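Peer 1: One structure follows; several queries about it will come next.
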Amino acid sequence: MEALGDLLAPHSELIAKVAGTITTLQFLSGIALLNDIRKKGSSDVYPVGPFLGGVVLTVLSLKLANIMNDAAMINTNLIGLVINFVFLGGFYYYASSGSRGNIWKQIGYASIFLLACTAYANFEDPKKIEFRLGMLITGILVWLVGSPLLHLPKIIAKKSTEGMPFPIILSGNLVATSWMLYAISIKNTVMVLQNLLLLILGGIQLSMFAIYPNKPAAKKPAAKKDSKKEK
């Protein structure tokens, strides 16, 4: 990694700009998923995690950006927060009445979590909270990327990737790859390992799309039993 870091080091600023651009575009990756939900007329087969997690992630990232006084991060995450709120609203609109109660429950849990994190960040030492909040954001990213793997047994049983958000998974891999290259260029080992973990989790999910179709396998009609029994 040392040799690759020396090779990429002169281009670290360019890599950072590319990574930032891809991250901004990732916020829009939910459009394809939301359009698929619109065509189906229901969001029930999809997890709300990617959209709700996106809201939580951008709120925490905004808090971290304010602590760091980073204008670029603030602007990027403000855009991301608005986009994720719109997507979450669309997801809720297409949810059945039975699923909406569960969505509200998860929104409630997320709100309590954000209030607790914000309150802690306001009272903790700024030098400590910058690192701790950064690690918390990394943990949420790992959860967002890895959460679809919880449905892996169901995917294997159905032999279908229906319900897995392919655009979000693909864009997440592109983001992880770009930031890992940047981390290598600045020789930040921790950041390299974080994004490598995200890339592995995303790669496992992408492999599912190569193995199984996006539509459920057609059920074979049950064989009819002979009405007459052999004597």
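Note: Cβ is positioned from N, Cα and C throughout, glycine not excepted.
Please treat TrEMBL annotations as automatic predictions, because they have not gone through curation.
According to TrEMBL, the record shows the following:
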TRANSMEM  14-34  transmembrane segment
TRANSMEM  46-65  transmembrane segment
TRANSMEM  71-95  transmembrane segment
TRANSMEM  107-123  transmembrane segment
TRANSMEM  129-152  transmembrane segment
TRANSMEM  164-186  transmembrane segment
TRANSMEM  192-212  transmembrane segment
Peer 1: Which sequence positions outside the transmembrane segment (164-186), separated from its termini by at least 6 residues, show Cβ-Cβ distances below 8 Å to it?
Peer 2: 1, 4-5, 8-9, 11-12, 15-16, 18-19, 22-23, 25-26, 29-33, 46-47, 50, 144-145, 148, 151, 155, 192, 194-196, 198-199, 202-203, 205-206, 208-209, 214
Peer 1: By Cβ distance under 8 Å, which residues at least 6 away from the ends of the transmembrane segment (129-152) in the same chain are close to it?
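Peer 2: Cβ under 8 Å, 6 or more out: 47, 49-50, 53-54, 56-57, 60-61, 63-64, 67-68, 117, 120-121, 163-165, 169, 172, 176, 194, 197-198, 201-202, 204-205, 208.
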Peer 1: Looking at the stretches 46-65, 71-95, 107-123, which one shares the most CB pairs under 8 Å with the transmembrane segment (14-34)?
Peer 2: 71-95
